[in-house]
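Accompanying notes for the structure given below.
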Amino acid sequence: MTILNHTLGFPRVGLRRELKKAQESYWAGNSTREELLTVGRELRARHWDQQKQAGIDLLPVGDFAWYDHVLTTSLLLGNVPPRHQNKDGSVDIDTLFRIGRGRAPTGEPAAAAEMTKWFNTNYHYMVPEFVKGQQFKLTWTQLLEEVDEALALGHNVKPVLLGPVTYLWLGKVKGEQFDRLSLLNDILPVYQQVLAELAKRGIEWVQIDEPALVLELPQAWLDAYKPAYDALQGQVKLLLTTYFEGVTPNLDTITALPVQGLHVDLVHGKDDVAELHKRLPSDWLLSAGLINGRNVWRADLTEKYAQIKDIVGKRDLWVASSCSLLHSPIDLSVETRLDAEVKSWFAFALQKCHELALLRDALNSGDTAALAEWSAPIQARRHSTRVHNPAVEKRLAAITAQDSQRANVYEVRAEAQRARFKLPAWPTTTIGSFPQTTEIRTLRLDFKKGNLDANNYRTGIAEHIRQAIVEQERLGLDVLVHGEAERNDMVEYFGEHLDGFVFTQNGWVQSYGSRCVKPPIVIGDVSRPAPITVEWAKYAQSLTDKPVKGMLTGPVTILCWSFPREDVSRETIAKQIALALRDEVADLEAAGIGIIQIDEPALREGLPLRRSDWDAYLQWGVEAFRINAAVAKDDTQIHTHMCYCEFNDIMDSIAALDADVITIETSRSDMELLESFEEFDYPNEIGPGVYDIHSPNVPSVEWIEALLKKAAKRIPAERLWVNPDCGLKTRGWPETRAALANMVQAAQNLRRG
């Protein structure tokens, strides 16, 4: 039994973010649709070839997406919301972009679909919308076209398809409520048609992704798998693919399915390989997800070999990445600024392909010498002084319960804050960042490259901050921000100023659509060598009599949006970051900054996938935030911001943060999220986002007023703030000015009654 290897998917954006640049050029009207499509074809061909050259046997096809793969599946099934449909009923790439962005070079603008996190990763998808009586048909043949491309290039192809049950699970009902699972029989004929088309092309195996099978699903959803896969069997071999957790709790459901193979995540899952081998049908192939698709760390291949060797020769076996390599940067070899020791600890997507080749070869031959050689830097790292800082470990061990308690309760603090700030009803503010113009990005880049000295750089940043204050005062906002011109990314900026982090030059990963992030990597104990934000916050406050918010990214978000080290717990990392940022809060306060925002957009998305694991995570996540904030005095107002969240299942923890004001993303969900706060009787102040910053569309005064009135039916008006959904860094100034002017006008109208 020869062992093969494969990946579940590969990064799409290109080493130099070619896809992002092509998308944004097309959206701006600077290039044609055909030019965009050509970039996509070139990237796919390059990425298949790179994987093949790195030693991958079966290449994933269908993992490429123009926005996200769930949205691609929606178009495949003909699931296009009426507001985004072309007048002639056709579907094209602009249809896809209108769903994702609210607008495209052709067609009428309309509200973008809701966006949320893909399981517990930092990747996003557009939430499918379902209505009662909906019809589905094969509408978008991107998968088939890409399979044809790969076959024409001579590749050994394994198509990738999001499974029908997971697809329905990920969506939301719009309008009249009904059970979306009832649509299963309506979408299965489209899946049958796609599988038939793949069979015609001579495809042997199809990777059908059902990551919902790692969740604690309701019984009705588990029961849906058998009839669904009964309907899909027979045309090609199906590799039922799961990831992000183990499958043991749902193994009885899985083993009853008429599929020919199962992929399991043996990195994040707790599954025992011997137990899996025993319980899986003997004729099934097992795809062992041994190489972590979500991290940047070199694998200990001797350990991976030991994990799987006992079943070699006993069943058909493939070795694979745990999940798609989408979540990892592309290529470590282009990183020229990492020192040799640190670089030796890492593996990006292409290096992970090489790891799979080494592992396959060792399992087939029994010769493990190459595995030991590859794994040597992992052993050396365990004793590196770059990793351990005794002072940090000592401070962490000394934390007491008092360190996470504000001096007084919210009611006492609110009185002190009202006396200090004297804000009007319906106070207006923004979430933090303002448009990152070409001028700002060029300024930072020139400084980073050494083409601009520190004095000229600081003068330039100061001018952009001054302009941001002038703009806000002109608009009539009540609580201002400095605009974050000096920050490239809300996590990367802090990581650059904290010990224990390193950065890459080209370690980009896709977040959503054309948005890419370059996460910091936590390599050791975290500490703050010097103040980070104080100087610019103090300067901004000197320009105005209105309060200017200090802006920090919270400890859980820095953790969740970085690549964490794996030799200590996530709790340990979060609390180390919290202690570092606690010192920053104290320094901001001492500099006269009276409102400090600690953003925690990632608190909910960091939840474990299984509800039974939530309590432990929420306990330390809340404690980390409170350690960060609790040093503040009563009349210092602590804000926090959260986005893409559903709160109803963690309201106790949201309240336990004890932030004076929470701002949340609500406009895409039409204020639905406020139901949670109303039912919980949330005691502190809330700023429900009144317009969607992910879309360039400008909301009308009337629309914002209507949303605020809707909010006031759920939350007392005296505890409501008025703000956008999120930061404005990705927007342009024209729509930002127009949207904020309308937002301020709506607040003023409500003050007048």
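The count begins at 1 with the first shown residue.
The backbone N, Cα and C atoms fix where each Cβ goes, and this holds for glycine too.
Listed in Swiss-Prot:
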BINDING   Arg17, Glu18, Leu19, Lys20, Lys117, Arg515, Cys516, Trp561, Glu605  5-methyltetrahydropteroyltri-L-glutamate binding site
BINDING   Ile431, Gly432, Ser433, Glu484, Asp599  L-homocysteine binding site
BINDING   Ile431, Gly432, Ser433, Glu484, Asp599  L-methionine binding site
BINDING   His641, Cys643, Glu665, Cys726  Zn(2+) binding site
ACT_SITE  His694  active site, proton donor
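Apart from the site residues Ile431, Gly432, Ser433, Glu484, Asp599, the chain places the Cβ of Thr430, Val481, Met490, Met551, Gln597, His641, Cys726, Gly727, Leu728, Lys729 no farther than 8 Å from the centroid of the site's Cβ atoms, the recorded L-methionine location. The 5-methyltetrahydropteroyltri-L-glutamate site in the record is lined by Arg17, Glu18, Leu19, Lys20, Lys117, Arg515, Cys516, Trp561, Glu605, and its two most distant CA atoms lie 28 Å apart. For Glu605 (5-methyltetrahydropteroyltri-L-glutamate binding site), the nearest of the binding-site residues Ile431, Ser433, His641, Cys643, Cys726 in terms of C-alpha separation is Cys643. Ile431 (L-homocysteine binding site) has His641, Cys726 nearby among the binding-site residues Leu19, Lys117, His641, Cys726, counting only those with a Cα within 10 angstroms of its own Cα.
In this structure, the binding-site residues Leu19, Ile431, Cys516, Cys643, Cys726 were compared by how many other Cβ atoms lie within 10 Å of their Cβ, and the smallest count belongs to Cys516. In sequence order, Trp508, Cys516 are the residues of the chain that are 6 or more apart from Arg17 (5-methyltetrahydropteroyltri-L-glutamate binding site) and have a CB within less than 8 Å of its CB. If you measure from the Cα atom of Cys643 (Zn(2+) binding site) to that of Asp599 (L-homocysteine binding site), you get 9 Å. Here the CA atom of Asp599 (L-homocysteine binding site) lies 5 Å from the CA atom of His641 (Zn(2+) binding site). Of all the binding-site residues listed here (His641, Glu665), it is Glu665 whose C-beta has the fewest other C-beta atoms within 10 angstroms. Taking only the Cα positions, the spacing between Glu665 (Zn(2+) binding site) and Lys117 (5-methyltetrahydropteroyltri-L-glutamate binding site) is 13 angstrom. Long-range C-beta contacts of Asp599 (L-homocysteine binding site), restricted to its own chain and to partners at least six residues apart, with a cutoff below 8 Å, comprise Ile431, Gly432, Met490, Met551, Leu552, Thr553, Gly554, Thr557, Thr640, His641, Met642. In terms of C-alpha distance, the listed recorded positions Leu19, Glu484, His694 place His694 closest to Cys726 (Zn(2+) binding site). Cβ neighbour count for Ser433 (L-homocysteine binding site) (all protein chains, 10 Å cutoff from its Cβ): 23. For Leu19 (5-methyltetrahydropteroyltri-L-glutamate binding site), the spatially nearest entry among the recorded positions Ser433, Glu484, His694 is His694, judged by CA separation. Glu484 (L-homocysteine binding site) sits 18 Å from the residue listed as 'active site, proton donor', taking the Cα positions as reference. Here the residue listed as 'active site, proton donor' is positioned 13 angstrom away from Ser433 (L-homocysteine binding site), judged by their C-alpha atoms. Distance noted between the C-alpha atoms of Lys117 (5-methyltetrahydropteroyltri-L-glutamate binding site) and His694 (active site, proton donor) is 14 Å.
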